[in-house]
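Dumping what TrEMBL says about this protein:
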type	residues	note
REGION	1-25	region 'Disordered'
TRANSMEM	76-95	transmembrane segment
DOMAIN	111-583	domain 'Glycoside hydrolase family 9'
ACT_SITE	HIS513	active site
ACT_SITE	ASP561	active site
ACT_SITE	GLU570	active site
Amino acid sequence: MHSANHWGGSLEINGDSGTDDERSRNMEWERQQHLHQHRHLDETQQSWLLGPHQGNGKKKYVDLGCIMCSHKALKYTIWSLVISFFVIALPIIIVKSLPQHKSHPSPPDNYTLALHKALLFFNAQKSGKLPKSNGIAWRGNSGLEDGKDLTDVKGGLVGGYYDAGDNIKFHFPMAYAMTMLSWSVIEYRHKYEAIDEYNHVRDLIKWGTDYLLLTFNSSASHIDKIYSQVGASVANSSKPDDHYCWMKPEDMDYDRPVQTANSGPDLAGEMAAALAAASIVFQDNTAYSKKLIKGAETLFTFARDFGKRTPYCRGNPYIEPFYNSTGYFDEYMWGAAWLFYATGNKSYISLATNPGLPKNSKAFYMIPDLSVPSWDNKLPAAMLLLTRLRIFLSPGYPYEDMLKSYHNVTGLTMCSYLQQFHVFNWTKGGLIQLNHGKPQSLQYVANAAFLASLFVDYMNATSIPGWYCGPNFIRAETLRSFATSQINYILGKNPMKMSYLVGYGTKFPKHVHHRGASIPNDNKKYSCTGGWKWRDSRNPNPHNITGAMVGGPIRTDNFQDIRTNYNYTEPTLAGNAGLVAALVSLTGSGGMSIDKNTIFSAVPPFYPPSPPPPAPWKP
């Protein structure tokens, strides 16, 4: 850095460019002239320089030891001290003696209030033996016999989460939900801590990952199967199962078959992502973090097995109609990215940036549907996650070309969310139609809002004001406005004036399609068909399933609060996970920023280390 005069002109004082010796001689000459002049001053002139002329009258002085002062000065001093005491010291003493009232913190914003509730949905969806601290009074132990006939899983497949309003445990969307929750904690831990939800959200993640570790041999390095689902239903069946019956999970007495996947790169890739992301959340628990990493690596090895590339749901009537996977190369990119962050193993980033992945997943084709994040399509999330690496670490060759492409496509994905570019239709009330007006649209909206808000935070963290959509420069605030508008719509700023988050606001769905919430705790067990009366009742649910985001309105912004129409009123794990992530990204509690570094804790330097200094010279 060089000094500069920001106001212009010379840096020299008064334009004096003389030498130090000349200035010294000038100063000495001026001092002598000054003394000489004083010798010729008359008495009046000298009084101007030396102060008032001293009279000849005697003054009385007080000797204070090392100081002598007059009686008058001492008097003034004492009175000054007395006055100072009453004017300054006494008020301070009085104020200090009064009872102290702590200033109240500013009230939490709406996103924080909604976030507290949205997390509770996961408590309501827990399966297994519940802790006393679960906090949902109308829920109890359930699914304790799940997987009891499996000989290779001690204790069976007890635990995890029910997916939606039924009692099925779908492992594919469950794993996605855990990945999204972990990602939100990695980016916004400080916000969760600020609102006292950090331990809660970690407990929710661990409840899910503990269960996922049961679904395969997590102690092995190679596996040949994954248990992919517990509970089942067949369309139009009259046989007791999880859809035909309307029973509380605590009362289930019908068969709950376990589905097994002997191949499944999509399922294994998503489960690997979930465990790898969670391992970063639990870095402070070294043993558990390592267990998660080992499980993630085992799953990813299974996913990459060339002989096991059939989608996990192919031909399975219990899975395909509900959570059909349309491909697995997006899970390869997603899982490899998370494993790289969790382990620092560069083989994973090499795979994530291998040109074959975007080619086979059609990531660069700019197909609108592939811009929509969901439990099935991980491409926009995976490319944003890898864009993060380029933005903050800039690893350079040989990754730069592919990371730059991911970055560019991520920018175009964000452009597609903006109404001005007419990529997707919008309702008149302001909701983007990411699933082309099909039912249950809110889960896609919530996930997209999270990605948009997070991309803005990445830009803000690097002081980037915006990005280009073709020739148009778009400011980051415009994308943030998209995210807030969509979440605000979900929270009640819509033509129906209804919050689609149960328990938030004064008007929200009361007939949620949910077995546990719709059947009263009246010490009665209702049979498979005996519960139909509660399914078909027009009365509100006896229990509000607080924090559940329902399916949402149709393309006309209309919504019907009808229990039997699951398209309107059924919540899902994947949808709520996206909503939680979006809410924590938007809340101002804890500050509007991300944690830039935690995700890189295991990542080694990309460039060769500096050479050691030369040995000391010896004569």
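Glycine is no exception: its Cβ is also placed from the backbone N, Cα and C atoms.
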Across all chains shown, how many C-beta atoms besides its own are within 10 angstroms of the C-beta of GLU570 (active site)?
21
Rounded to a whole angstrom, what is the C-alpha distance between ASP561 (active site) and HIS513 (active site)?
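Spelling it out, the Cα of ASP561 (active site) and the Cα of HIS513 (active site) are 9 Å apart.
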Please average pLDDT over the domain 'Glycoside hydrolase family 9' (111-583) for the predicted structure.
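On average, pLDDT over the domain 'Glycoside hydrolase family 9' (111-583) sits at 97.
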Report, in whole Å, the straight Cα-to-Cα distance of GLU570 (active site) from HIS513 (active site).
5
Please identify, from the active-site residues HIS513, ASP561, the residue with the sparsest Cβ neighbourhood, meaning fewest other Cβ atoms within 10 angstroms.
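Counting other Cβ atoms within 10 Å of each of the active-site residues HIS513, ASP561 gives the minimum at ASP561.
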